[in-house]
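Q: The following block contains the structure, expressed as structure tokens.
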């Protein structure tokens, strides 16, 4: 399965004592353990829901009957139809998806904010974040903790990202600065950090650039005797023909930036166009509630419903 999780990626969480290490954004990944369900691009909605929501939240969604899902989706469609003309236009759907993307980021920041603002002064100092996330693993009493070097490396990386987000360099993150820390792909001034982290993640031989084997290896590792799927061949072609713009066989920082942070790409716009194209049965350029409900599985597997999560929420939470 090929997934682009947000502009970059979603969450790769490393458990700590009380709190998980915050999101370490990824890129395009093909991971068999995202879900226990078999993936099928045509009917793989259970896989998609687990992959994007996580198993616990997906379980809540899966408890809904198809009838309940359709009924809740119908109420969301009414919210999307802002001019109440009975049709969902591209503009309305685009606006809604952007709204849900912003809301996801706000909810995610609010969730972590409570964990880290220990003195409840509506700010998060670097020391608060560091002690909450890494204190258990970095204390002198825990020198025998397995992979302690990995935690130290992650600490250095988080500190670098925190400093980049802390624009006034006072060692304390406001809510806006903490948002930039958790979701650096959303902020222009965090671009260099995102690119640097991406190269560090993929560049296995540590030569400061990404070759085609590292590029593919980040997405796919074949099991013994496994044949490369078609998408791997496609990605190799993309690497050679599009990603590696100077044709030197590597991706440098500039090329990586163009790959993972293509500023001209509006993912919400692309998603809106895709959903309308797939559900607009009479091809009039807009969709009705009836057309959407006839393709309800597609909508609950999309950003329009936050991959089904919105169907489990109350009306005023959207």
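Just so it is clear, glycine is given a Cβ too, placed from its N, Cα and C backbone atoms.
Bear in mind that TrEMBL entries carry predicted annotations, made automatically and left uncurated.
When I checked TrEMBL for this same protein, it listed these features:
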- 68-103: domain 'EF-hand' (DOMAIN)
- 153-188: domain 'EF-hand' (DOMAIN)
- 190-225: domain 'EF-hand' (DOMAIN)
- 267-302: domain 'EF-hand' (DOMAIN)
- 1-20: signal peptide (SIGNAL)
Q: With DSSP helix as H/G/I and strand as E/B, how many residues of the domain 'EF-hand' (153-188) fall in helix, strand and coil?
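A: So the domain 'EF-hand' (153-188) is made up of 25 helix, 2 strand, 9 coil.
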Q: Who are the chain neighbours of the domain 'EF-hand' (68-103) in space, where the CB to CB distance is under 8 Å and they lie at least 6 residues beyond its ends?
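A: Non-local partners: 6, 61, 268-269, 271-273, 275-276, 285-289, 292-293, 296, 299-300, 303-306, 308, 310-311, 315, 318.
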Q: Reported in the order helix, strand, coil, what are the DSSP residue counts of the domain 'EF-hand' (68-103)?
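A: Secondary-structure breakdown of the domain 'EF-hand' (68-103): 27 helix, 2 strand, 7 coil.
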